[in-house]
Amino acid sequence: MAGGAFVSEGGGGGRSYEGGVTAFVIMTCIVAAMGGLLFGYDLGISGGVTSMEEFLTKFFPQVESQMKKAKHDTAYCKFDNQMLQLFTSSLYLAALVASFMASVITRKHGRKVSMFIGGLAFLIGALFNAFAVNVSMLIIGRLLLGVGVGFANQSTPVYLSEMAPAKIRGALNIGFQMAITIGILVANLINYGTSKMAQHGWRVSLGLAAVPAVVMVIGSFILPDTPNSMLERGKNEEAKQMLKKIRGADNVDHEFQDLIDAVEAAKKVENPWKNIMESKYRPALIFCSAIPFFQQITGINVIMFYAPVLFKTLGFGDDAALMSAVITGVVNMLSTFVSIYAVDRYGRRLLFLEGGIQMFICQLLVGSFIGARFGTSGTGTLTPATADWILAFICVYVAGFAWSWGPLGWLVPSEICPLEIRPAGQAINVSVNMFFTFLIGQFFLTMLCHMKFGLFYFFASMVAIMTVFIYFLLPETKGVPIEEMGRVWKQHWFWKKYIPEDAIIGGHDDNNTN
């Protein structure tokens, strides 16, 4: 490409800049994406630990007792215990609060500082859990883990979106989701192994959460900060040199000027939380709220949190329940590669819509199989064939999520906010995600006890609603530079009424279309 040239790209009217994909930016994004290991490891570890007999005997003897003595005459209510659910869900309540603190630190001190705080809090929380002697220590550890997750999830997707060139931003950003799936799979494998230990297997499972935390802490020292963040803090020359380095080009004037324009606009914003409520930011506000809500209401964390518990509820043995969780973890990780391949080739909308249809069908089928075997009484049994079918459809469901709502739930909110509201937008994204993750974690086992197999129909109906929402209201953002999202909203049939002309930056583009 000739020096200084830029061309229009499909998928929303944005343009690409000079420079290509460098080994430096790929390595940087890989290290940063390890922040997803924090989230993924915890998602995978808690369900396996809460199904371990030694753990239940020590901390939740009433649950272990009701399982052994079969006090409940329904399989649906076998694990229904609020304190047990609080062990899982408390992390996400802390993450919700931490995400708001992280947004301020991310803006004032850079993305790296937030990533460091996240890793350190997660490390301390892992040690609390590994050496816990009572439920209070467990909950304190989980709250510290939540602070780590809140900071990491607020800063890492923003960091990835700002470092990556627009044409591969989707693939590199999905590295965060890939790290989450790797963390889930590793946690499932560790749970399967530690369940064989005579003693303290649960301590090993919880303590090994320190490993991704150490990676995050070390990575935060190694990584450079983003040009966007440097400009926000007045380091213009350093920002330009970093932009040249990550783009592998000497002439980055057009992109650098757009970044400067965005930073100047951001400096005029004294309160991003107030400004994000303005009408011109309405699309970003809606999607930063709706996408994480819908992501959680798919029911995916029913599988991620409680896979071993769910499979034991349905009559799988201890080994079979843990191995089934490993299988879903493998499917989750491998399916994420589909998204990495497809997101910048076929766009975000196609993956959202296909994944939604796939999840809807699978939720209906799983609910129907469970209803046919257990009915409303919950006193039936699973045949091996039925168990295999349920596991198969859960795997297809997980695959649909893993190449659509899983990675895109983090990617799209991180790429649609202009710089002046980006920390606030990402904080909303993370906090809404964490709030509904908390609700699912805290009340799923109770909902299963009361709604029985109908719970899967409930999740299916939510998937149908969110798929229609995406079809009508989300424009394609493939190949659109972050600072040019105003053009995309301005061209959309519904959102254009909220976007004034002066909200579109980059006036030196001759290829603007209406």
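The backbone N, Cα and C atoms fix where each Cβ goes, and this holds for glycine too.
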Problem set entry | Recorded beta-D-glucose site member, picked from W410, W489, W493, W495, that accompanies Q177, Q295, Q296, N301, N332 in Swiss-Prot | W410
Exercise. C449 pairs with which of C77, C288 in a disulfide, per Swiss-Prot?
Worked result: C77
Exercise. Taking every protein chain shown into account, which of the binding-site residues Q177, N301 has the largest tally of Cβ atoms within 10 Å of its Cβ?
Worked result: Q177
Seminar exercise, completed: Within 8 Å of the Cβ centroid of Q177, Q295, Q296, N301, N332, W410, the other same-chain residues by Cβ around the recorded beta-D-glucose site are I180, I300, M304, F401, W405, G406, G409, N433
Seminar exercise, completed: Answer key: the stretch among 170-190, 204-224, 285-305, 320-340 with most Cβ pairs under 8 A to the transmembrane segment (113-133) is 204-224
Problem set entry | Intrachain residues whose Cβ lies under 8 Å of the transmembrane segment (453-473), provided they are six or more past its termini | 286, 290, 294, 297-299, 302, 349, 352-353, 356-357, 359-360, 363-364, 366-368, 370-371, 374-376, 447, 494-495
Exercise. Which range out of 19-39, 86-106, 135-155, 170-190 gives the transmembrane segment (204-224) the most CB pairs under 8 Å?
Worked result: 19-39
Problem set entry | Residues from the same chain, set at least six apart from the ends of the transmembrane segment (86-106), whose C-beta lies under 8 A from its own | 42, 46-47, 50, 59-60, 113-114, 117-118, 121, 135, 138-139, 142-151, 153-155, 158, 305-306, 423-424, 426-427, 430-431, 434-435, 437-442
